[in-house]
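Report on the structure given below.
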Amino acid sequence: MTLASIRRGYHVIKTLLQYGLDDVLPPKMTPWYFKLARNSLFWIRNKHKNKPGGERLKLAMQELGPVYIKLGQMLSTRRDLLSDEWASELAMLQDKVPPFDGALARQAIEAELKAPIESLFDDFNETPLASASISQVHTATLKSNGKDVVLKVLRPNVETKIQADLQLMSQTAKLIEYLLGEGNRLRPAEVIEDYRVTILGELNLKLEALNAVKLRNNFLDSDALYVPYVYEEFCYPRLMVMERIYGISVSDIAALKAQGTNFKLLAERGVELFFTQVFRDNFFHADMHPGNIFISRDHPENPYYIGLDCGIMGTLSEVDKRYLAENFLAFFNRDYHRIAQLYIESGWVSEKTDLQAFEQAIKVVCEPMFNKPLDEISFGHVLLELFRTARHFDIVVQPQLVLLEKTLLYIEGLGRQLYPQLDLWQTAKPFLEQWMADQVGPKAMFKKVSTKLPYWADKLPEFPELIYDNLKLGRKLLSSQQQMLDKYLKYQQQAHKSNYLLITSAVLLICGTLLINRDATLWTPYVCLVSGIILWFVGWRSRPKNRKF
């Protein structure tokens, strides 16, 4: 551990204590030596006693900087781990930091391009268009075609700072896990590992560029989503160049109203976009907060979304997709028994779970929702409530499902902000039912067979040889098993014989000893003793030597 990491660790502890976060720790995590260290090494007064725990955690993370802000944003979606109060407070964290010097941005860009900016771009603006904790965006014009572009560049030394904070977080998580015990449902080390994978993915702008290209290709002919063109020849791990867009932020409702945007169509398209990305493409944008979503300025009566920042993308396994679709359908059919079964079948909840108790818990939580009109039922909150209920049954929430839940909450929130009367169920149900029909019907079976057909056709000439080899292997296995069985039976026979002789010798030795004590002149005790010694020797020598079969 370096001096810098020790200094950073002290700063983190000091900040957490200034906000009194040690007061909210469970007794297991505050043994006597913790309290001793708290009152001696860290004699720091809690300056925020009058504020609730969730708000104190939010303020502390805001002060600790970008890595902790992003961790807080991720934790805000983990309502299977945190209470509503804490999760809601963390959801308000904003990734806003002052920009770094434009001259440093120029140096970083030219280091990646290995050429002066002016040789490739005109009108490079050193004043950033936007600034975040990991990267910064500058505008320019592409010299080759005169088109407006944006250059996204990583902050100087951001990787080193993030790696140092991640190492500190990982060590702290392991300590917390040790104090709480292995069975604790919080699983801090697992949470930090999920976060590490997510944030390190954002540090590679080349990967983000590839994600953007893939998402763009998925929606090339779409009326719902436009992804700006990426100039891949200018993309590197620390630099990304893409088309500049001139949309309206999705959160600027006044500007959208002023241009006469069709809000109902826009909200419905947002829902369709989510389900298309998840169920058709299995590749969804997992960071769709208002800062990354814009609306087109042209054709407000037929508006489309513009998606930016593809640093965090999610995918689901085929199994997870099917279980998720069935979960939604079962919920709206009020089939709580099926929901409980799905959670167990998918492995999200242990197969040892009491099915009836789990079903009843789901019913208690979900049934009151049906007292509302369908257009007031929140898909995102359905997932939240189900995860929260499953938390008491030790649910294991997969990272990809957390990303999905986060995306669904964003999309649904945006949809209802644009058009409060949005009936998410009416928009989503046909899509889900059609997808399920495609997955389990005759067409799906034919599609799966046709997909595998080229592979089977390629392997068909090898079938006779494979069958012969398997039969040959089967004969060898049978022969080997027979040999093992023979060896085992022989071993058992030897063991029985040896045990019989040893037990008999023990009986003779005991009898001889007892008789000789009564009358040493008789020859019988000596016969017993000698016979016992001989039998013991024979029995010991006849023990089976090899236990390998």
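Yeah, the Cβs are placed from backbone N, Cα and C, and that goes for glycine too.
Binding of ATP is annotated in Swiss-Prot for Leu129, Ala130, Ser131, Ala132, Ser133, Ile134, Ser135, Gln136, Val137; the matching candidate from Lys114, Lys152, Lys161 at the same site is Lys152. Residue ranges 223-243, 496-516 are listed, and Swiss-Prot annotates 496-516 among them as transmembrane segment. Listed by sequence, the residues of this chain that lie at least six past the ends of the transmembrane segment (520-540) yet keep a Cβ under 8 A from its Cβ atoms are 497-502, 504-509, 511-513.
Within the same chain, the residues at least 6 positions away from Val137 (ATP binding site) whose Cβ sits under 8 Å from its Cβ are Pro128, Leu129, Ala130, Ser131, Val150, Leu151, Lys152, Val153, listed in sequence order. On the backbone, the CA of Ser133 (ATP binding site) and the CA of Asp287 (active site, proton acceptor) stand 15 Å apart. Of all the binding-site residues listed (Ser131, Ser133, Ser135), Ser131 has the fewest other CB atoms within 10 A of its CB. Per-site Cβ counts within 10 Å over the recorded positions Leu129, Asp287 peak at Asp287. If you average pLDDT over the domain 'Protein kinase' (123-501) in this model, you get 81.
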